[in-house]
Amino acid sequence: MKKKISEQEIIRHQKMNELKKINIDPFGKKIVPSHSIKQIILQYQKEDSLAFEQSQINVCVAGRIVLKRGQGKAGFLHLQDFDFRIQAYVKLDLVGKDAFQIYQNCDLGDIIGIKGFLFKTKTQELTIKALEFIHLTKALKPLPDKFHGLQNREDMRKKRYVDLIVNEKTRQVFLTRSLIMKYIRNFFDNQGFLEVETPILQPTLGGASAKPFITHHNALNCDFYLRIATELPLKKLIVGGMNKVYEIGRLFRNEGIDATHNPEFSTIEAYLAYADMQDIMDLTKQCLQELVQKIFGKLQFTYQNQEIDFSHFAKVSMVASIKEKTGIDFTDHFTLEQCLSLAKKHKIEVMPHFSQGHIIEAFFGKYVENALIQPTFVYGHPLEISPLAKQNEFDPRFTDRFELFIVGKEFANAFRELNDPIEQEKRFLNQLKQKQLGNEEANDMDYDFLNALNYGMPPTGGLGMGIDRLVMLLTDTANIRDVILFPHCKNQNKFI
């Protein structure tokens with residue numbers, strides 16, 4: 001099937017051929033800019049006209065044409081690199097007839113180079129007066145116009161390269177994402193953690209409760225999982241004597257897509273030997289407060305019209321939060337039958353593998369989670385839903401585990417790590433029973449991890465934190481796919 005081509009594209013192809021006729025490569029050669037547009041703006045924007053008259057400041061820049069105006073023997077254009085743009089003035093008498101002809105024929109979206117000097121117009125706009133106009137790349141497709149192009153969010157996600165060109169908001173989101181990644185990495189480096197890399201392809205499913213992607217390793221002739229967590233390999237490194245480790249990377253969960261879930265997502269996981277749950281809580285709070293302070297210059301900001309305050313992190317047990325909303329006290333020793341009866345009364349769906357702990361979690365999800373707007377540590381998760389966490393010393397039905405909730409969503413999951421290999425094996429066996437009852441998110445038996453624990457793992461605290469949701473929060477973005485450069489979309493590989 002022959003692809004359709006618009007009238008504008010036909011004209012642009014003709015212009016490409018015209019460039020070839022005069023021995024100009026439509027797709028350009030190397031240029032060495034003296035400055036980025038950002039450097040020019042930051043360095044010279046505040047200078048007055050007199051400064052440019054007293055000393056000629058020569059520059060060479062490259063960028064994409066995003067605006068063009070003027071007729072006759074002179075005109076203006078705006079060049080954009082990524083996060084900054086600058087005006088250029090192109091005049092026939094200065095650049096010469098041949099170069100001016102190329103300027104007249106150029107289109108929005110073309111990439112060009114300008115050599116010239118800086119001045120300020122009568123309206124005090126910083127401008128480059130062109131002495132040379134250099135064609136670099138012909139854009140064969142037109143950019144969407146300001147009012148009618150790329151209005152559909154799904155189109156923006158499919159064609160992120162166009163979205164980045166035309167939408168400043170998108171550019172700012174991904175610049176901020178890069179800063180967030182850098183700040184997080186610097187924080188853990190400065191705390192003395194060692195950054196490591198662990199395999200994406202895993203022979204055993206474990207480290208979290210999730211449905212996996214499965215692939216086949218031809219050379220080894222066996223199936224592998226795309227990792228759903230980095231937890232177990234990182235804890236093996238704790239056994240090996242790496243007492244402070246972290247990894248920033250991609251995880252994969254073969255589950256649904258919605259505003260806060262994407263099957264491929266980024267996390268940081270960090271593990272600290274000789275630490276407990278409170279230590280990890282303090283570490284998480286310090287990391288996030290420093291991050292918010294660096295992004296906003298203060299600890300308060302707005303997300304989706306809600307004022308969020310990071311100066312204080314609340315702390316509440318899971319069962320206490322449920323009691324506050326429902327009056328039900330799950331610290332009472334309810335039987336499974338009593339819990340099932342309560343679930344039925346409160347119209348909570350129950351799966352065949354559900355235990356008391358699963359029902360407690362379901363109550364929390366229905367009555368509490370969405371109401372946790374300000375930063376809140378929720379601790380004391382039931383044992384049955386926490387197969388890798390250590391039991392609480394005072395009530396072994398619960399664990400020394402916490403999750404961080406903000407704006408009604410989970411942002412971090414952490415616990416005092418279970419380091420007893422005998423107890424861990426029992427937990428894995430229970431997970432296998434849950435899988436037989438239909439729990440698709442249950443873990444496998446990881447014999448190598450058990451073997452590692454038998455060599456002795458020191459008391460350890462661990463943290464997993466989602467980076468994409470953090471970027472959403474700190475850029476006031478409502479959908480997770482708008483903070484991922486190339487999210488998965490339907491019909492993504494069509495030529496459009």
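Keep in mind that glycine also has a Cβ here, set from the backbone N, Cα and C atoms.
Here is what Swiss-Prot records for this protein:
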type	residues	note
BINDING	Glu403, Glu410	Mg(2+) 1 binding site
BINDING	Glu410	Mg(2+) 2 binding site
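A strand conformation is recorded for Glu403 (Mg(2+) 1 binding site) in the three-state DSSP classification.
Once Cβ contacts within 10 Å are tallied over all protein chains shown, the binding-site residues Glu403, Glu410 are led by Glu403. According to its DSSP assignment, Glu410 (Mg(2+) 1 binding site) is in a strand.
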